[in-house]
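Worksheet for the structure shown next.
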Amino acid sequence: MSSRWNRTIYVGNLPGDIRKCEVEDLFYKYGPIVDIDLKIPPRPPGYAFVEFEDPRDADDAIYGRDGYDFDGCRLRVEIAHGGRRFSPSVDRYSSSYSASRAPSRRSDYRVLVTGLPPSASWQDLKDHMRKAGDVCFSEVFPDRKGMSGVVDYSNYDDMKYAIRKLDATEFRNAFSSAYIRVREYESRSVSRSPDDSKSYRSRSRSRGPSCSYSSKSRSVSPARSISPRSRPLSRSRSLYSSVSRSQSRSKSRSRSRSNSPVSPVISG
């Protein structure tokens, strides 16, 4: 996971008419903000991703704003990749900690869940997936289509049963619902479908550093930074080739003159 997610928070249950400047007003006091990505779906609630410069500021924002009442809406604030940081206000969102801060168990019997609504938390996912068996770990994270998650089962049979029973089922929480897909997790699998994984990787490589959340980095395109270096190089090559051609012509002319027969002089 990119380090920017350590300093990016998810803000859920926002009013449907909220503006970006109002989101900034809610969080600016906790530290410098790099970017705010506000999403207003056709049906509320809205949500946003707020990136801070410092991960500690993100922690402070979670502690200060999770559960905050904004215009009659109780905000839900957690670290963007599933609530992996601990604070008293987000303990219920983080599967990595219990009440005593003991780390949760992991296993090799893992499934990938895609198509989750943006408001889904690890606890929502765990509640849904435990219908198929004993869940020992769950985590959610944002992707380009919304949210995805991973769920670890304590045994192989429960994992296989979850794929059969819960694939293409309706996931619900207090805020929204969506139909999800469940498949066995592979080490190379990510939060996108197998059909478009190759094209997405190739596109992301071509974009390079310009895919950052920062507005400054978005304004810099790798293609623009490379082209000024490539153009002088092509000119220098063409100049060199033209000079070499002219030199070869002059040498060939001088050879032809030196090798041409001298006409005899006829005296009268």
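Counting begins at 1 with the first residue displayed.
Glycine is treated like the rest: Cβ placed from N, Cα and C.
Listed features, source Swiss-Prot:
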| type | residues | note |
| --- | --- | --- |
| DOMAIN | 7-82 | domain 'RRM 1' |
| DOMAIN | 109-187 | domain 'RRM 2' |
| REGION | 186-268 | region 'Disordered' |
| COMPBIAS | 186-199 | compositional bias 'Basic and acidic residues' |
| MOD_RES | Ser193 | phosphoserine |
| COMPBIAS | 207-247 | compositional bias 'Low complexity' |
| MOD_RES | Ser210 | phosphoserine |
| MOD_RES | Ser212 | phosphoserine |
| MOD_RES | Ser214 | phosphoserine |
| MOD_RES | Ser219 | phosphoserine |
| MOD_RES | Ser221 | phosphoserine |
| MOD_RES | Ser227 | phosphoserine |
| MOD_RES | Ser236 | phosphoserine |
| MOD_RES | Ser246 | phosphoserine |
| MOD_RES | Ser256 | phosphoserine |
| COMPBIAS | 257-268 | compositional bias 'Low complexity' |
| MOD_RES | Ser260 | phosphoserine |
DSSP-assigned states of the domain 'RRM 1' (7-82) in counts, ordered helix, strand, coil: 23 helix, 29 strand, 24 coil
Helix-strand-coil residue split for the domain 'RRM 2' (109-187), DSSP-based: 19 helix, 35 strand, 25 coil
